[in-house]
Amino acid sequence: MNEYIESCQQEKRTYDEEGVREAVRLFLKSIGEDPGREGLVETPDRIARACRELFAGLQASPADVLEKHFDVDTDELVLVKDIELYSVCEHHLLPFHGVAHVGYIPAKDGVMGLSKLARLVEVYARRPQVQERLTQQIADALVEYAGARGVIVVTECEHLCMSMRGIKKSSARTVTSAVRGLLRNPATRAEAMSLILDK
């Protein structure tokens with residue numbers, strides 16, 4: 001089992017809304033702002049509510065998302081393309097966004113509902129993240145919890161930590177991939193990639 005997935009399953013993660021409010025007030029003071037001024041006085045509450053949503057994946061379980069199957073026997077590729085994703089870079093706590101393409105060869109006992117793939121992307125995107133790990137976690141979860149015989153995941157994202165600060169290259173997109181099981185076969189992988197790239 002993926003070490004990070006395992007640690008998430010074993011830990012009971014909770015969300016401390018008041019702690020987030022206090023941290024935001026301290027942050028505003030630390031950058032030289034007045035958290036009591038008009039325009040900022042409700043900002044700690046707003047950010048605390050937003051963070052509950054942005055980091056909801058910390059309280060979610062991929063096993064729960066992938067537990068149900070439909071009784072359909074197929075050994076062909078199932079691919080859902082262009083799943084929108086929004087996440088937060090764990091290095092700068094700035095957003096990155098883009099799309100995920102998720103394909104799998106189902107387990108013998110059936111296929112998943114297509115929405116399950118989008119929900120799985122959400123579980124891992126809604127937490128402090130790096131794109132490389134996000135891509136791998138989605139692939140590993142499909143093998144671990146859905147019994148997929150083959151998996152391919154490709155993500156394409158723009159990182160605001162690279163667009164609005166630092167090198168400031170707003171047109172740059174990062175592409176990462178993870179391939180597992182039967183989709184490591186060069187011919188099968190090539191077929192999957194041609195479907196992903198076909199716009």
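Note: Cβ is positioned from N, Cα and C throughout, glycine not excepted.
Among the features that Swiss-Prot reports, Zn(2+) binding site is placed at Cys89, His92, Cys161, with the record citing sequence analysis.
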Extra residues within 8 Å (Cβ to Cβ centroid of Cys89, His92, Cys161), Zn(2+): Val88, Glu90, His91, Leu93, Leu94, Phe96, His159, Leu160, Met162, Arg165
Packing count at Cys161 (Zn(2+) binding site) (other Cβ atoms within 10 Å of its Cβ): 16
Three-class DSSP secondary structure - His92 (Zn(2+) binding site): coil
